[in-house]
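Novice: Below is one structure. I have some questions about it.
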Amino acid sequence: MQDHNSTNESFDVIVIGGGHAGCEAAITTAKLGFSTALFTINLDRIAWQPCNPAVGGPAKSQLVHEVDALGGIIGKLADETAIQKRILNASRGPAVWALRAQTDKREYSKKMIEILQNTDNLSLKEAMITELDIAKTEQIGLNSKKILKKRIKGVKTFFGSYYSARSVIITAGTFLEGRIWIGNKSMSAGRSGEQAAQGLTQNLHEIGIKTERLKTGTPARVDKRSIIFDELDVQPSTAVDKYFSFDPDIKNNMPQVSCHITRTTTKTHQLIRDNLHLTPIYGGFIDSKGPRYCPSIEDKIVKFANKESHQIFLEPEGINTPEIYVQGFSTGLPENIQLELLRTLPGLGECKMLRPAYAVEYDYIPATQLQTSLETKEIEYLFSAGQINGTTGYEEAAAQGLVAGVNATRKLNKKDPIIFSRESSYIGTMINDLITKDLKEPYRVLTSRSEYRLTLRGDNADRRLTPLGYQIGLINEKRWSAYQEKMNLLEEEKFRLNNTRLKNTDEISKKIELETGSKIKGSTTLKELLKRPNFHYSDLIKYNLNERNLGSSIQEGVEIDIKYEGYLKRQKNNIEQINRQSCKSLPQEINYEKIETLSLEARENLNKIKPKNFGDASKIPGVSKADLTALLVWLKIREIKKEKANIFVEKKLSS
C-alpha cells in the first residue's frame, strides 16, 4: 500500500459501488454531515436497473416504504419515475398487500445521478477499487491476552491512486470477479457491457474476509415494434394514486403504460428440454446457486415438469425506448436458441431480440461475517451492504445501504449502532436472516419470512420508523411536521368513530341495513360498523358519515387499525413477551466449543456467528430449545462463579 504522503484525497466515508445500496449509503452519510466519496466503475450507470425495471412487490414494497420512512431515496424515485403501478394481493389481507411500480430505468438513473451531484459533502469518482488499506494494532483483552485489532484506513484504485478514509462501505453488487454466461461461452463482466471488479476479492481474502460464489440471471429484451399485441392479455396501470413515499411533495408526472401477458407453450417446453445440456448450469459449466424465487425458465421446466404452461410478463423498460423486458423468461441458453424460444410464445412469433438473456456468476461475502450493524466482524469501520451480502433485488440492497450508512456515521461518532429487530421492520427481519443463517442461495425478502407481518405493513411504515429517521437526522423538519399532522388526523378520526353512534331508528341506519344487509340492533358506533367485514371506509363516505375529506392513506390506516384491532393487540403482546426473553445479551468472548452441554452443531454454529443475544441465537440453524436452555444455565453458573470470585477478592483486599 502506498505511503500516506501520496494520498490523493481524504474522506470520512468511502462507498465502493454505485448501485442501489451504494447510492443510499452515500446519500445517508453525506446528509448526516460526513465527507463522502462514492466510487463506481461507470458513472453513467449509477442506480441502474440491470434486471427488471421495477420496484416493489410482495415484502419488497414494505422494504421500500420502510427505507422511505427512515429518510431514504428509493421510494421517492420509484414514485417519480413509475410508468405503471399495481397493487398485488389486493384480494387478500393487508399483511400481504404490495405496491409494485414499473419504472423508466433511464429516468430513474438520471434522477439518482442528479440527487448525488447536488448532495452536499458528496463526491463522485469513476475508478475501480482493488485494495483496502488496513491498520493493525495489538490490544490487551480478557485474561491479559493480546488481541490483534484491524481497522480500515483507506482504499487503492486499479491505477494506483490512494484515498484515505475513516470508514469504508463495500456495495459492489454482482461485480466482484463477475462473469456472464450465454450457453458455454463466458466473459468477465459485472453485467452485460460493463467490466467486472478485479483484484478486490483476493485482497478481501488477504485481510481475513471469506467470499463464496453465487449466480443470478436476466432475460432477453425484445423490440416492442415486433410484438403482436392483439394476441396478448393487457395488464393496465391501476394504482397510479398509490405511493411508496410518505413525503406529500412527491408526485408522478410520467405517462402510464400497460404491460402484457403471454404464456409458454408445449413447443417452448420441448425446445428447452432438447437443449438443457447447452445451459451453463445443466451443462456443468458452473455450479453456483441461483435465486430460488426467481428461477430461470429451464429451472421452471425441470422442477415443474407437470405444469403445462408458465405465465410470462412483457414489461416496458421506459417511455422513450422500444425495449421490452420478458419477465419470467431468464435463461442461459445460447443466443440462437433464445430467439427460437421467444418465438414460441404467443404474440412473439416474429419478435426481434435486442439483447440476449444471460447468467452472471459473482463473488459475495457470506453475511455471517457481519455484525447486526452490517460492520464486518473482522475489520473495524468496514461495512458491507447489498447484493455482495448474498441478497437479490434493488429493494433489499437499498435497505442495507441505508443501514450501513447510518451505522458507519454512528461508529465515527462513537455512538451505539442502530439495530433493527425482526419485530420492528422487514429491514430487521432481512438483516437477522442474513447474519444468522448460512445461506447458500441469493436471499429474497418474503412476507412469509416475518412472524409479525400484520404489524409490519407498508401503510404503517412511517408510524413505525419515521420517529427513528427524525432522531437519526434523515427526516427534515418539513417532513416531520407532515408526519405529526398525519398522526393527529389518524388519532382524531379513530376517536370520532369510537364516539359517534347510530340508532337503528335513524334514517341512515335503515338505508345501511337495506343496502348492506347488516342489521343495527339498538345502536352502534361507527367504529363497530367499520369492524364489519362487508363495511369499509368508502361506505362511511358514501353515507355521508365522514366528517372531513381525509387522504386515502389516513382512511386506509384507520380502517386497518379498527378492523384488525384484536389481531394487532395480540401480536403486540407476543412481541413484548418475546422481547423480554430474547434481549438477554450474550458476551462476544464466549467460546461455545468449551460448553459441553451444547450439541456439537450448536457449538460450531454459535462460535461461527457469535450472536449478540438469545433472540439471535434462537434463529441459528442447529440451535435447539434444549441448547438455549443449556446455554442459559451455563451463563447463570458463570455469573455465580464471577460473583464468588469478586467476593473472595474483596475479602482478601480488606484483610
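A Cβ is built for glycine as well, from the same backbone N, Cα and C atoms used for every other residue.
Per Swiss-Prot, the features are:
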- GLY17, GLY18, GLY19, HIS20, ALA21, GLY22: FAD binding site (BINDING)
- 290-304: NAD(+) binding site (BINDING)
Novice: Please report the Cα separation of CYS294 (NAD(+) binding site) and GLY22 (FAD binding site) in Å, rounded to an integer.
Specialist: 23
Novice: Using Cα coordinates, what distance in whole Å links ALA21 (FAD binding site) and GLY290 (NAD(+) binding site)?
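Specialist: Approximately 20 Å lies between the Cα of ALA21 (FAD binding site) and that of GLY290 (NAD(+) binding site).
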Novice: When you tally the Cβ atoms that lie within 10 Å of each candidate's Cβ, which of the binding-site residues (ALA21, VAL302) has the highest tally?
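Specialist: Top count of Cβ atoms within 10 Å goes to ALA21.
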Novice: Distance check, please: Cα of ARG292 (NAD(+) binding site) against Cα of HIS20 (FAD binding site), rounded to an integer number of angstrom.
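Specialist: For ARG292 (NAD(+) binding site) versus HIS20 (FAD binding site), the Cα atoms are 22 Å apart.
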Novice: Neighbour count, 10 Å Cβ-Cβ cut-off, for PHE304 (NAD(+) binding site): what number do you get?
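Specialist: Result for PHE304 (NAD(+) binding site): 11 other Cβ atoms within 10 Å.
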Novice: Using a Cβ-Cβ cut-off under 8 angstroms and a sequence gap of six or more, which residues of the chain neighbour GLY18 (FAD binding site)?
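Specialist: Non-local contacts for GLY18 (FAD binding site): LEU38, PHE39, THR40, ASN42, LEU43, ARG45, ILE46, ALA47, LEU124.
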Novice: What's the number of neighbouring CB atoms sitting within 10 A of the CB on ARG292 (NAD(+) binding site)?
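Specialist: The Cβ of ARG292 (NAD(+) binding site) has 13 Cβ neighbours within 10 Å.
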Novice: Going along the chain, which residues six or more apart from GLY19 (FAD binding site) have their CB under 8 A from its CB?
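Specialist: Counting only residues 6 or more apart in sequence, the Cβ neighbours of GLY19 (FAD binding site) under 8 Å are ILE46, ALA47, TRP48, THR171, GLY173, GLY386, GLN387, TYR394, ALA397.
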Novice: CA-CA, which of the binding-site residues GLY290, SER296, GLU298 lies nearest GLY17 (FAD binding site)?
Specialist: GLY290
Novice: What are the other residues, in sequence order, whose C-beta lies within 8 angstroms of the center of the C-beta atoms of GLY17, GLY18, GLY19, HIS20, ALA21, GLY22 at the FAD site?
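Specialist: Residues close to the FAD site, other than GLY17, GLY18, GLY19, HIS20, ALA21, GLY22: VAL15, CYS23, GLU24, ALA25, THR40, ILE46, ALA47, THR171, GLY173, GLY386, ALA397, GLY401.
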